[in-house]
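S.K.: According to TrEMBL:
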{"type": "COILED", "residues": "152-179", "note": "coiled coil"}
{"type": "COMPBIAS", "residues": "105-120", "note": "compositional bias 'Basic residues'"}
{"type": "DOMAIN", "residues": "205-352", "note": "domain 'YDG'"}
{"type": "DOMAIN", "residues": "427-488", "note": "domain 'Pre-SET'"}
{"type": "DOMAIN", "residues": "651-667", "note": "domain 'Post-SET'"}
{"type": "REGION", "residues": "87-121", "note": "region 'Disordered'"}
Amino acid sequence: MEGGVAGNTVPPNSFDKSKVLDVKPLRSLLPVFPEAPNGPPFLCAPPNGPFPTGFSPFFPFSGPQGTPLMPGLNQNLFNSTAMPIRSFRAEPPPASNGENVQSSNKRKSVGPSSVKKKVKRSNDSELALAALTNFKPGIIAAEKDDGNRELVENVLMRFEALRRKLSQMEDAKESHSEIFKRANLKAGNIMFTKGVRTNGKKRIGVVPGVEIGDIFFFRMELILIGLHSQSMAGIDFMPMKADIEGERVAISIVSSGGYEDDAEDPDVLVYTGQGGNASADKEASDQKLVRGNLALERSLHRANEVRVIRGFKDATHQTSKVYVYDGLYKVQESWMEKGKTGCNMFKYKLVRLPGQTGAFSTWKSIRKWKEDPSSRDGLILPDLTSGAESIPVSLVNEVDDEKGPAYFTYVSTVKYPKSFKLVQPSYGCNCRDACQAGNSNCSCIQKNGGDFPYITTGILACRMPMIFECGSSCPCFRNCKNRVLQTGFKVHFEVFKTRDKGWGLRSWDPIRAGTFICEYAGEVIEKIKEKADGDDGENNDYVFNTNRVYESFKWNHETESAEERSDTSEKFDIPSPLIISSKNSGNIARFMNHSCSPNVFWQPIMFEHNNEAFLHIAFFAKKHIPPMTELTYDYGIPQSDETESNNMEHGKKKCLCGSLKCRGYFY
């Protein structure tokens, strides 16, 4: 490690930073931008900044409480300590007669009827948004400062639930209102206003409840759990306890491709300082040894730990990024060099502390496997499905010499016998291209309560008693966003041999909460075969039964006004019990093991085929799942009629899930 990355040694005639190391940074920097003619000042040059119309800035976007915001804010403001502020409304659209719509409404003398409709739709949207904020924080003051694993997961799950709901509303009202634009920012604003956050106290080193390898899909998530408090700036810092306010050290950095970082080594990161980038209204310039850059320089001399978060393009959503927490590093050396623009840039070499769980190294290995599948250690088959799925599923054993699971026929969906009575008469919609959110004439949307069950990215918006997808007789496109289950999974899976639970399932890709995992494929049977003499019960090992008792949990965003009906909103409404056997034929779902704290859940889905509705069982991600993490779901507990002579000990197996909430057994 001493030599570092080739080509990144300190040049002999490097910039002498010692001359400025004792310069005290300004206590506050009041940024200056071109003044916007109307509305509140925002944080970047475009007229509306990064916020949509009607959206308020919040920590860490807003200025310090009690400090007047000057016109034209720059990025220095992102490093200020701030509290959430009340929402403000931008100027309403002018009427055709040139009068202000708001003042016109007061005199009941408005312009065209289209303006009236826009104002009404905006008011409806604001009422809907206000309803979403009516929930209890459920977090006490001490927990806001110091968290734990359960709190961190709770905050992230609640943020995701709110973000998905806002995205669903945004899809339905896209042409009518900008109230729901940028759902992640709006969700973050609501969470901060309601006090739903944890680890708000800045600290050096480990953040309670955050584990190495955890993944995030929005910078806002990093802020809510206290991993990195800067919404845009890549360097977060804080004053040392014994120092005055100006003596600051770096505590975390985000490396996501915005600068010329050398980030290929899994144990060494050469990080480029902040500032100096060219923009639409300014040329590139030399970086200055202030704020974040100065904090990193001080961390070099203080030798304090710095958290590193690495960002990548999301393989399943190319326009998005995914962030992985890569653990603790220390700044080992720094220098200045010319960048591609010809301007001087600060470079900081950070080295990963030894003995930590691998994170970025795992991503590097997966990248290699995707380029050359044969390079995967323990590979038995490059595609277990033999082409039945659009994405291959690898079969891997790094544990022993077993060459694969017992023989079965791979099928990608459930098979119903002709005599089965669950099927119901059904007819499709009349949409000619793609079903549109908010279309009251679409019968499939109406079956789902008037909303799409999925948001634009194909993510499940919320759990429902039953989801109705478009079927074979619906004239809408095959890629209609109401056909998620039917288009198959979009993730590269791997069936692997576990050390003590047989075969399991995991993914090479990061999985976002609400992502479709797969269907439970197999043969629908009338009842589970009774255990015969000499039978080891293996026939029951590959069975899914909707009639079992499953651990209840809340996944949807809930408001106080919805508490009375929330118990039923996530309670399934299945016409009659469905039993699927994947003993002889099935898909990757048959390899998912049980866990008492699962990261996957199941959801009933119906869609039409030949004018009959068939029930399918789909699995979705309960939370964000890092690559190479085993996928598990709750097998449930059989009801008395599923056991032999009402003996609950029948079929009970020892649970090896390792969860803190493990009940010790499963069926």
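Glycine residues also receive a Cβ, built from the backbone N, Cα and C atoms like all the rest.
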S.K.: Please spell out the DSSP helix, strand and coil residue counts for the domain 'Pre-SET' (427-488).
M.R.: 8 helix, 4 strand, 50 coil
S.K.: Treating G and I as helix alongside H, and B as strand alongside E, what does DSSP give for the domain 'YDG' (205-352) in helix, strand and coil?
M.R.: 18 helix, 59 strand, 71 coil
S.K.: Report the mean pLDDT of the predicted model across the coiled coil (152-179), rounded to a whole number.
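M.R.: Mean pLDDT, the coiled coil (152-179): 82.
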